[in-house]
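A.B. asks: Pulled the feature table from TrEMBL, pasting it below:
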TRANSMEM  12-31  transmembrane segment
DOMAIN    13-385  domain 'Major facilitator superfamily (MFS) profile'
TRANSMEM  82-100  transmembrane segment
TRANSMEM  106-127  transmembrane segment
TRANSMEM  139-160  transmembrane segment
TRANSMEM  166-189  transmembrane segment
TRANSMEM  216-237  transmembrane segment
TRANSMEM  249-268  transmembrane segment
TRANSMEM  280-301  transmembrane segment
TRANSMEM  307-329  transmembrane segment
Amino acid sequence: MARRAEPPDGGWGWMVVLSAFFQSALVFGVLRSFGVFFVEFVAAFEEQAARVSWIASIGIAVQQFGSPIGSALSTKFGPRPVVMIGGVLAALGMLLASFATSLTHLYLSIGLLSGSGWALTFTPTLACLSRYFSRRRSLAMGLALTGVGLSSFAFAPLFQWLLSHYAWRGALMLVSALSFHLVACGALLRPLSLAEDTAVGGPVSQLTSLIHNGPFLRYTIALTLINTGYFIPYVHLVAHLLDLGWDPLPAAFLLSVAAIADLVGRVASGWLGDAVPGPVARLLMLWTTLTGVSLALFPVAQAPTTLVVLAVAYGFTSGALTPVAFSVLPELVGTGRMYCGLGLVQMVESIGGLLGAPLSGKGNGVSRWARAAMLYSWGKELFPL
């Protein structure tokens with residue numbers, strides 16, 4: 001295969017964007033809407049909220065901790081077969097979860113098996129996408145990751161409707177059917193050979209250079225802190241609103257409101273990341289700060305209008321930081337090290353994904369939202385400029 005001197009900034013890259021769009025929807029859109037199942041699992045298994053939170057947390061942690069495996073396999077075999085196998089595992093995990101008789105079964109099926117499938121899909125696809133773009137990278141990332149916001153808008157009320165008609169077991173079977181579409185997404189990926197690939201060396205050489213890269217290490221720690229607080233609203237928001245006296249359907253709909261704002265934020269941030277001169281990390285710091293402020297205000301809000309405004313603010317700013325966060329990485333490590341670099345970042349981030357939701361289940365509502373805001377604040381201070 002002939003090697004290109006530079007990323008093509010388009011061409012088949014837009015098909016990779018389309019694939020990443022649907023993959024982000026079927027991975028993180030499902031995870032972010034899983035708070036609807038959260039209440040059902042608490043009632044069905046008569047368990048504490050903190051223990052039920054581990055279902056999503058294990059899935060997130062396995063997805064991120066297993067990302068280096070997906071990256072290594074993609075380097076050897078290409079992203080297409082790896083992602084297709086990941087889609088099968090993700091769907092199988094959801095299907096087995098529908099037969100669960102205890103939380104342990106859900107930990108193993110959704111957390112371990114589906115999480116392993118997600119590890120083989122998300123990271124290889126984003127790494128593949130980043131290699132197709134340079135000048136339009138932030139915009140491409142923004143468009144690809146709008147799948148998360150769009151699917152969150154659709155999935156939260158959809159899952160609530162499925163629960164009301166088919167109970168949680170039937171709903172999980174249908175989520176499994178949705179997850180099988182990850183296989184088709186993987187078929188769209190086409191590997192790209194760049195001239196830079198010959199200069200970065202093998203996996204061991206790449207790993208050695210990354211762990212001696214100070215800005216990369218600061219970036220990784222910052223994203224880990226942010227990741228610890230990122231999923232807290234999506235896991236606990238519905239339960240928080242039910243405690244305030246909301247009905248289940250309006251509570252689920254507020255997740256959709258945040259998802260719409262998230263969708264707009266990702267596109268706007270992707271466009272700004274390419275249009276505004278200067279380091280993209282400065283935009284990342286701005287969105288991180290505003291996200292932390294919106295989280296800090298959630299526990300003091302009581303009026304429905306105020307809660308809707310905060311949901312819009314959180315959705316927009318947290319959505320806006322995502323595409324620029326991934327766009328910063330190629331600037332730090334180069335496109336030739338993207339598979340290794342992104343896999344390593346996701347692995348370290350898994351610590352935050354594993355601990356975030358269960359830690360937030362401790363204490364009262366005020367303390368859990370304050371913890372999330374504090375984590376965003378700490379992460380902001382570490383971003384390399």
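A Cβ is built for glycine as well, from the same backbone N, Cα and C atoms used for every other residue.
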A.B. asks: With a Cβ cut-off under 8 Å, give me the same-chain residues at least six positions beyond the ends of the transmembrane segment (12-31) that come close to it.
C.D. replies: 56, 59-60, 63, 83, 90, 118, 121-122, 125-126, 128-129, 132-133, 140, 143-148, 150-152, 154-155, 175, 178-179, 181-182, 185-186, 188-190, 231, 234
A.B. asks: Using Cβ atoms only, state whether the transmembrane segment (139-160) and the transmembrane segment (307-329) have three or more pairs under 8 Å that are 6 or more apart in sequence.
C.D. replies: yes
A.B. asks: If you count Cβ pairs under 8 Å, which stretch among 82-100, 280-301, 307-329 touches the transmembrane segment (216-237) the most?
C.D. replies: 307-329
A.B. asks: Restricting to the same chain and to residues at least six past its boundaries, which positions have a Cβ under 8 Å from a Cβ of the transmembrane segment (82-100)?
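C.D. replies: Answer is 23, 26-27, 70, 73-74, 106, 109-110, 112-121, 124-125, 169-170, 172-173, 175-177, 179-187, 189.
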A.B. asks: Averaged over the domain 'Major facilitator superfamily (MFS) profile' (13-385), what pLDDT does the predicted model reach?
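C.D. replies: Taking every residue in the domain 'Major facilitator superfamily (MFS) profile' (13-385) and averaging pLDDT yields 82.
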